[in-house]
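In what follows, a single structure is set out as structure tokens and then discussed.
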């Protein structure tokens, strides 16, 4: 049948379609080409994207290329100098090379105005990572165009961050087991990973994944325009954040790439519509793969639920297409999966309207009002003594917020914990008082519908601060940045109290519903004339040692005597956070949405319980 269809078409098109059918694990859903309406909608999409600054001018692109060229020259010269200092003949040192590679959004060609550049410095075998963080760091430090230079050597993936002539750059390091690194070096070969350490493999993985994604899409330009659209939509809808349990840039790129494989001849507007169609109906946790996993055995762990028990409990696996294959969405929780699925459904409904002529593309990028959706919130406030401290402290806390979401999900009375990935500046201090910089994160809470229910969230918050913040404390101590002024607070806040935390323009859509009395940016006034203050905080000092607690016995048995736990400010017991759940305890979600939340969350809780049982059984067998 395929051959008879192909004979009626020009030879180049037949060959192209045969090639397209090989992309991905399955054949294309359709090979149909675009219709006039598809071209029209794509042109409208391009015009709609322009005000959002998702594309750079030719001048800005050239500026980035000049910066990368300068950085590449610095790397080559540094490697040459280090080689000569180790008694390598100058003639040989001149040919050992070294190269800067790019990955992430810049390499994919979908970066926006002012975006940073993810780069990788690849060096030959006689250059160590210690050289990179000492001698090369000093070269950058003395360079007149480099500012805001900082090294994070102890990170999971060690990185040097800098601002190079106005462009933010995050640069990783990898040493290959080769005598020289020519300019024509391609990182695709899996055997390049042989005998490398884990940090080098992780650093190389970014470039290898990005390049492979570009190889696996049928039309790069259609892929790029579609991905720009989906990334902007995801950011507007608050589902673009790997660290918070949503999807990061590489995950969105792989979902778009899979859509392109399924509709290889479609243009961007059609691909955006099909994207929502495919993933609103995807049978999670069925994994998304762009190709059959490579059969390579170099000893590195790969995502394989047949072998690794923990891989069986990932909720939305999206697997990277190069060895060692990893799940890029292991942070996704039951709640964030619910939010993502609702977002896919909402995107499908809007794109249906767009193609039916009932809406424009602008509607796809309208941000929903998070604070209007829920009636109860948990607010996390991170405080420190200076802006420099706050930058480091917020990064540590932000990487742990998803653990608090996990604690809340395990509460039998909570059906959804929706974390907003946006970080807000803290509320102004009371008159006459001063405070250091403060940052806030909000988690919307949906309770199961029960009458006369009081839910005590104290243990959920306390578990987060004792177990998670203890690891933050250890991490911060390891990089010698912990300060006495660094604290974190947790508060329960009702929707009507949000005006004490957030400015009017953030809550403006809520104010249209709540009434004119809340149009002021100042805190609400009570009947007795006293200004309403935020609820009493539960404060945890990251530098003090907490008192003994029977619920922490197991944790304390595993700690050394000289280690300290983050604790509350002061010597009094922790303030209890008890939420009274009456008729107003839930959000404006429909009964059907509540039932779906309960089903997914109950399924996830059962999965976690089974996981714990399996792990206990495995531990007994090992013993």
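Note: Cβ is positioned from N, Cα and C throughout, glycine not excepted.
So that you can see what the record holds, here are the features copied from TrEMBL:
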BINDING   116, 118, 170  Mg(2+) 2 binding site
COMPBIAS  8-20  compositional bias 'Low complexity'
DOMAIN    24-217  domain 'Poly(A) polymerase nucleotidyltransferase'
DOMAIN    222-366  domain 'Poly(A) polymerase central'
DOMAIN    369-425  domain 'Poly(A) polymerase RNA-binding'
DOMAIN    438-512  domain 'Poly(A) polymerase RNA-binding'
REGION    1-22  region 'Disordered'
REGION    512-536  region 'Disordered'
Determine how many residues of the domain 'Poly(A) polymerase RNA-binding' (369-425) DSSP places in helix, in strand and in coil.
25 helix, 16 strand, 16 coil
Given the binding-site residues 116, 118, 170, and counting only Cβ atoms in the protein chains shown, which has the most within 10 Å of its Cβ?
118
Using the Cβ center of 116, 118, 170 as the Mg(2+) 2 site position, which other residues in that chain lie within 8 Å, going by their Cβ?
104, 106, 117, 119, 161, 168, 169, 171
